[in-house]
Structure formats: structure tokens, C-alpha cells
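Engineer: Just passing along the structure, written as C-alpha cells.
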């Protein structure tokens, strides 16, 4: 049986952060490539240097939980066993990582070594404490695993991926989920670099143990600690921004809807979103409100600062290199954006739909300029006239 090792993440492929650049202003709707006057504070950058501590004894467990109970916010993530290629759910939980604003350290809870009953008994009061915000990035599979495997349902969860998507929805009516690399670049101006190749290879090639071996190698532990460092840093630069056009309480309510859907004590049989890379549009409208449009042309998908009509087509896409659009709206990068409203197929719009606008020469479903019948007739008459 084909096996895939590690936790499935949309934002997994890259790891440590490079030298920070200037941040970006989300409320102004500037393109992600544009720089902003905002910069990362030294206290936020210090998070990247937090050491990790493996929690694998009852004594260390009580001490770590006691420290986290003093926090206001805790970044959480999970590393799990391999799953089959077809499985949506995570494998058996191996590690739970936690990084908070209470102590400059990343706790790596070794659930396997501690055993599930010991871990649950100590951690449950912490996860159920609504007064402590739990920060996750794409909480769906994590809360499902905690609930179905350990009977834990975290309270007071804030999904930062959903938070960022809610901002894009409010500005552009876009409900696409973005990976951690893109969000860090957009919010904090930080670029993630390729991480430990051995860990990445083990998690992608499959047919080998990764998070189920003990003791875990140091570079595996460092790899696991990186995620919660990034989540906490992102929260410091996203949650604290007062100019963000989305109410924090509304995002928490939207996140709670996802927790209720996925933390049901067993694997879910029906996904909340139309595709894994989207946020539920109905929920966005319910909790965040109507999506935003360009104040210049009134269209969805971009802001006034990104409007091609306002820029007279001078914008250039960083993905395909063509002028007239940016990577955010590139049909080659995001083919789902180019959906015909007449026939429902991807790759073209209603104005160019050959089913509703067939060839004027033969009536076929293709461009009139590329009609083979017309070209053959033209070649025939050209040959006849030349002879």
C-alpha cells in the first residue's frame, strides 16, 4: 500500500525565515509584492530564536502546562504518523507543539512517550480554557485529530489562515486559502527558505517512519518547532494590527464554526468547504459580511490599488510575465478564476465561449480565426490562383 509520511499541510514545503523585509499594509489592499513602512518589531523577531524543549515525562508535562496556563495566546500545531494517499485525516498524533507569550520556549509534547491518557489528563484544562487564545494555521485536520483520537476539543481557537482569508474577502471578495509562506510575506514581509531536506524528503517520499520513531533526531525536532514559532510571530503582526478591516471577534466566531464542524469525536464525513483550498463562502458572508469590490471599477478580485483599469494596463504578472494583470488574478496560476458563466467550464469567459459564440464559418465550437475549414478553402483558392 502506498503510504505518505507526515502531516498534510498546504503550507508545509518551506521552513525557516530569511532576513525580514518591510511589512505590508493589509487594510490598504496593496499588492503583496509592494513594500510598506511597517516593520517587524525586535520582540517578534526574537520568537524565531526560541529554543525548544521536549516534554516527555509527567514532571516536565506538569511544568510545561503550568507555564502555558499563564499565557494569553498559545500557538499550536501537530505532527502525526503517515497516512494512506487517499486518507484526508491525520495519522496517529506524535507531537503537539506549543509556543506562547508567557515563556520564550517551544514545548514539544511527546504524546507517544507520555501516553495519551497522561497527556490528555494534564492538557485538557489548558485546551478548554476559553481565556487563553489558541492560535492555529488551518485548524481543520488538527482539531479533528485532537477530537477523534484524544477526545480533546480546544476552546478559544483563532485560525490565522481563516483570518487572512477573511481580510482578502473583505477587500476583494476572494475566499482562497493562502499558505503560510505567502501569508508571512504579505503580513510580515518575511520570506521562508527551504528547510531541512532530509525531513522534507521523509515526509514526501513515504514508505519510511518519520514522526513514529524514537528518539526523534534533533533536526526533526527543530523542524517541528518552526511552525509554532511562525504562527506566534504571524499572530503578533496580524492580530495586533488595528487597521485590519476585519473584526477579530467575527473571525473567532468563524473559527468556532470550523471547530464545531471538525471536532465531533470522530472523522468527519462531509467537508465544510467546497475545496480544501477555499473557505466556506456562506460562512464568510454570515460572520464577516459581504465581500469587497474595487472602489474604482466595482469588480471583485482586486482592490483599487491593484485595478488594471486605473493603471491603464501597466501591471505585470510575476507568475506568467504578461501585462494587464498580477499573479493574484492570473488565470494561468488560478484557472478556477477563469470560469465561463454560460457553459460552466474553466479556461475562458462567456465573451469567448465557443458554445454560445460558434465559428462564423462552419458553426463549430472554436475560434473563427482558427477555423480549419476556412483555412483549407483559403489555401485551395491560393493554389488555384497561383496555377
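Every residue gets a Cβ built from N, Cα and C, even glycine.
TrEMBL annotations: computationally assigned, not manually curated.
Straight out of TrEMBL:
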COMPBIAS  22-39  compositional bias 'Low complexity'
DOMAIN    316-330  domain 'CCHC-type'
DOMAIN    339-353  domain 'CCHC-type'
REGION    18-39  region 'Disordered'
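What's the neighbourhood like for these features in this structure?
Structural biologist: Model confidence over the domain 'CCHC-type' (339-353) stands at 70, taken as the mean pLDDT rounded to a whole number.
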Engineer: Using DSSP, how many residues in the domain 'CCHC-type' (316-330) fall into helix, strand and coil?
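Structural biologist: Looking at the domain 'CCHC-type' (316-330) with DSSP, the answer is 3 helix, 2 strand, 10 coil.
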